[in-house]
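Structure first, commentary second.
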Amino acid sequence: MRPARALIDLDALRHNYQLARELSGAQALAVVKADAYGHGAVRCAEALGDLADGFAVACIEEALVLRDAGVRAPILLLEGFFEADELALIDQHQLWCVVHAQWQLEAIEQARLSQPLTVWLKLDSGMHRVGLHPAEYQAAYRRLLASGKVSKIVLMSHFARADEPACPRTAEQLATFQQAREGLAAEVSLRNSPAVLGWPQVPSDWVRPGIMLYGATPFEDAQEQAARLQPVMTLESKVISVRELPAGEPVGYGARFVAERPTRVGVVAMGYADGYPRHAPSGTPVAVDGQLTRLIGRVSMDMLTVDLTDLPQAGLGSRVELWGKQVLASDVALAADSIPYQIFCNLRRVPLLYSGH
Ligand SMILES: *Cc1c(COP(=O)(O)O)cnc(C)c1O
């Protein structure tokens, strides 16, 4: 059997969820969109089952996977519905629904529902993707209430630059939000992972942690609270071949790496078809039998190569951690000019093996 696999530590997931709650003092929707950032949405939701106040996903397709698996907790659709006819399923499965546009509001007014909806009314406070304009926010709130189709409204917005601790934009977005919601007596949800970790002054009745649940930092630099996260995924494999190369010999496609000294090369069963970033350059950290070393040469589809020159005890069958508790996914992402969000979401082909809880 090919040794490439991703180990998922569900106890670490629970730890990180509890940290989000502790830091925010709020209720927390665990964001499990995109198959829980590659970690397996059903298993992650089950592991958080008795803890979580609810879950958040990107679309009804993702919500129905959870409902079909028996998840009964609240599930929020972060972009609401894409077509009005989804409202029948939203009603049937009692899903919570973001409203970010006038047409969605009108569709709710016209819908035939068996019971009133929980709506999260989204303000565009400066991200400028989706959300109602500040000038139309109060009117939308009143229309929803007057529709008789809604039992509860949570006021929400989303930060564009909360991962930049020195950036004034987050405070500006907060001020825009506070002004737009003035006088509305409703619960509030503003904070994603970077805001939970780094913006304690931002009020929230509900937080929406995603990446931090999986134990990766959203910040580029070290951050005090992020240091308390526990990595959930360990992507690992084994050395399947060893080469001793004299100085001057190349390794792999395009001869991207040429040995500057006599070099012992370990070939690892892991490649970009598994989601390991092809753009990771020589020097990207990797651990072999618990010892840090570096990627060398170009990543290929099913294999990559690492430097074993200074690890004489390592060889055929040695365990390789591509990322996990020793090599942080955020460090691999940084080296590959990516972000941990993307390298997790890109994971494929490797089996997910669960432990804990
Ligand atoms: C994905 C998403 C989140 C989670 O963001 P993280 O940075 O992963 O914590 C929160 N809110 C909304 C609206 C999202 O789309």
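Cβ atoms here come from the backbone N, Cα and C positions, even for glycine.
What TrEMBL says about a protein is an automatic prediction, not a curated fact.
As given in TrEMBL:
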- K33: active site, proton acceptor (ACT_SITE)
- Y253: active site, proton acceptor (ACT_SITE)
- R129, M301: substrate binding site (BINDING)
- 232-355: domain 'Alanine racemase C-terminal' (DOMAIN)
- K33: N6-(pyridoxal phosphate)lysine (MOD_RES)
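Shown on the structure are the features that TrEMBL records.
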residue: K33; record: active site, proton acceptor; contacts (Cβ under 8 Å, 6+ apart): A41, A56, V57, A58, C59, E62, L78, G210
residue: R129; record: substrate binding site; contacts (Cβ under 8 Å, 6+ apart): none
residue: Y253; record: active site, proton acceptor; contacts (Cβ under 8 Å, 6+ apart): G297, R298, S300
residue: M301; record: substrate binding site; contacts (Cβ under 8 Å, 6+ apart): G271, Y272, A273
DSSP three-state assignment for K33 (active site, proton acceptor): helix
Segment confidence, the domain 'Alanine racemase C-terminal' (232-355), expressed as mean pLDDT: 98
For M301 (substrate binding site), the three-state class that DSSP assigns: coil
